[in-house]
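Following: one structure in structure tokens, then a few remarks.
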């Protein structure tokens, strides 16, 4: 076969993924995350076996939080990978949106798991199975210990930013109201409970508390329906906690402007519009590129005598305090306006005594013309286009000669008439004479003011 000396070998998707994983694993900071990920897989395996042996759907709902911890560890690895990668021609803004996509996918999957729990719980209300409490409490404390240890030991930058920037969940609001009452009695706890608790730590503690209540009620009264009720409560808490984070990360993916920076951006744009040489600031667009990174583009129109580099430096200096990735396009004001005529005019056409140049739209059919005005008779016909930047600006001028025939039968003279003879001839209207005065073309018009009929005084 043909030997291609300089042809690069194409890697498969698995090969590319393995190469990127080796790049991340070469960093020692990722070793801790990989270790926690391995322990998480082992913990998930034991919890799923205990869920099957106890037949508890509440423990299954709590196990899904451990699976979410595995997604958060993967997101942390992606965050390390993003810091190692540099912008490329394909991804000119970098790879920061990958961690936004990872957060969005993790929270959406957690909500799908909560919906699955709600569906299974609705089926269990019809036929409630028996719950075995042998390993229910053990599985609860194992999951709680591992979840808290993972959340507090590893600094997950993407989820830490989203948990602070997103709106509070209903669980956080209720706990905040309770925390204010407790901190009013014990002020030392304000640093822990206020202003708002970590949503992941809060849902782990609330889920473990629900499982403990389930264990006690089943052991005391054999009330198996409380397991289904606890599963619904854990699913609702999971959905309510993850939903604000999904909304926030989804808005970042949709390239929307963050609400908390709109006022600052308006202030900076007003300052830019007052710079020396700047005439107009338009087509501005700012969006969140990644967590904590704002990108934007703006067009600046300047005077013709202004220094482009100087204006560009001032505009960039003003906006760079808030927008880290900025694109500014400078263009000077253009005073040249387009002409109406799109074709060169001949020399003989410039003689206005022989021709009249009238720019007018083309007539579609002769039957649509008014015989008096020679214009379209339909009231809905568009007016002639004489303005700039309109579809009729490139229309060629229509040359009409003075000898052009006009409609007969209305008493008008035809042909070319010298201007000097206009004052001495009438309009040729029947019954009004052949001569006219200087100011009017009618000979029988009375010259006396205040007459009612033709030459008769007013009574």
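Each residue, glycine too, has its Cβ placed from N, Cα and C.
Bear in mind that the values here come from a model prediction, so they are computed numbers and not experimental data.
Per TrEMBL, the listed range annotated as transmembrane segment is 62-83 (candidates: 62-83, 172-193). Looking at the stretches 4-23, 224-243, the one that TrEMBL records under the feature transmembrane segment is 224-243.
Residue ranges 200-218, 257-275 are listed, and TrEMBL annotates 200-218 among them as transmembrane segment. Among the ranges 346-368, 369-391, 392-414, the one that TrEMBL lists as region 'Disordered' is 369-391. Range 136-154 is the one annotated as transmembrane segment, of 117-135, 136-154 (source: TrEMBL). Feature transmembrane segment, per TrEMBL, maps to range 95-116 of the set 95-116, 293-314.
Annotated by TrEMBL as transmembrane segment, the relevant range among 31-50, 431-450 is 31-50.
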